[in-house]
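Reviewing the structure listed below.
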Amino acid sequence: MGNCLHRAELSPSTENSSQLDFEDVWNSSYGVNDSFPDGDYDANLEAAAPCHSCNLLDDSALPFFILTSVLGILASSTVLFMLFRPLFRWQLCPGWPVLAQLAVGSALFSIVVPILAPGLGSTRSSALCSLGYCVWYGSAFAQALLLGCHASLGHRLGAGQVPGLTLGLTVGIWGVAALLTLPVTLASGASGGLCTLIYSTELKALQATHTVACLAIFVLLPLGLFGAKGLKKALGMGPGPWMSILWAWFIFWWPHGVVLGLDFLVRSKLLLLSTCLARQALDLLLNLAEALAILHCVATPLLLALFCHQATRTLLPSLPLPEGWSSHLDTLGSKS
């Protein structure tokens, strides 16, 4: 948000010369004893002073980025191993191919977190930053769309239920996610050694498109799922979308979509913040929402593990075992 994002540092010589010039003009124009009260003088200086905000995710936040990345990679890798482990009960989890893609998306996000982290040097290129933002938002968009499909289609996503459905959804969802990342990929780069979104008049259309995409995927999609669930239940039209613990994923990205929309309105001057405190509060919310979104790469594998544990414990007694599982259990029974 303008100078609320980046504080302009003045050299001592510049500060001294500015102070001397101001004092000379003030004294020569009005004299030492002025008719204005001290309160008005201080208020005028405060109003004319630039509004500065402290960035929470600066170089001091590097340990947070690194720790989150490492934990996210380890947790996602563990979940993927359990999902693809032969003859393991998580493969009976409804829609497990979609769940595996969620873990892949979380792992991809965890990998690019250090690329966008501040404090790792000042030699990063714009191409690397654009690639980082592409994977960052692409994996998040794909995870949100996968959750929507998993909630809407439910048990029909199981292996062998509808031939080609899982493959078609995989290609379609990741393709749509890649298209949605084009605006942020083109509107991002390196500035002062940091990966950042570039705000300019020429890129305003790309910024608006990216903001709309975030609002649609992170805000409107979960609201639509909740609305459809409540409407179908109220009208007695069926169970509606399959509600599960996985819906907690949107808690990590919903604030990011909302605050990003507010920030775009302020930058476009469609929403005016008259006080410095309000602008500082918005900057703080942007940092907190980004930090919460980053934490999703650690929370997603935990949500997947909890969902698979609950689903297999509930559905395992009633599900028909695949042929390989039956022979495996028979072998174990004969040995005992």
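Each Cβ is built from the backbone N, Cα and C atoms, and glycine gets one as well.
In Swiss-Prot, the cysteine linked to CYS195 by a disulfide bond, out of CYS129, CYS134, CYS276, is CYS129.
Both ALA117 and HIS309 are recorded by Swiss-Prot, but within differently named topological domains on opposite sides of the membrane. For CYS51, the disulfide partner named by Swiss-Prot among CYS276, CYS297, CYS308 is CYS276. Counted over residue pairs separated by six or more positions, the transmembrane segment (288-308) shares at least 3 Cβ pairs under 8 angstroms with the transmembrane segment (96-116), which defines the two as touching. By number of Cβ pairs under 8 Å, the transmembrane segment (64-84) is matched best by 96-116 from the list 96-116, 130-153, 167-187, 245-265. Rounded to a whole number, the distance between the Cα atoms of CYS51 (disulfide bond) and CYS129 (disulfide bond) is 28 Å.
Assigned with DSSP, the residues of the topological domain 'Cytoplasmic' (85-95) fall into helix, strand and coil as follows: 4 helix, 0 strand, 7 coil. When Cβ-Cβ distances below 8 Å are used as the criterion, the topological domain 'Extracellular' (188-207) is approached by residues 115-116, 118, 121-126, 128-130, 132-133, 264, 267-268 of the same chain, each at least six residues removed from its ends. Spacing of CYS276 (disulfide bond) relative to CYS195 (disulfide bond) is 26 Å (Cα to Cα, whole number).
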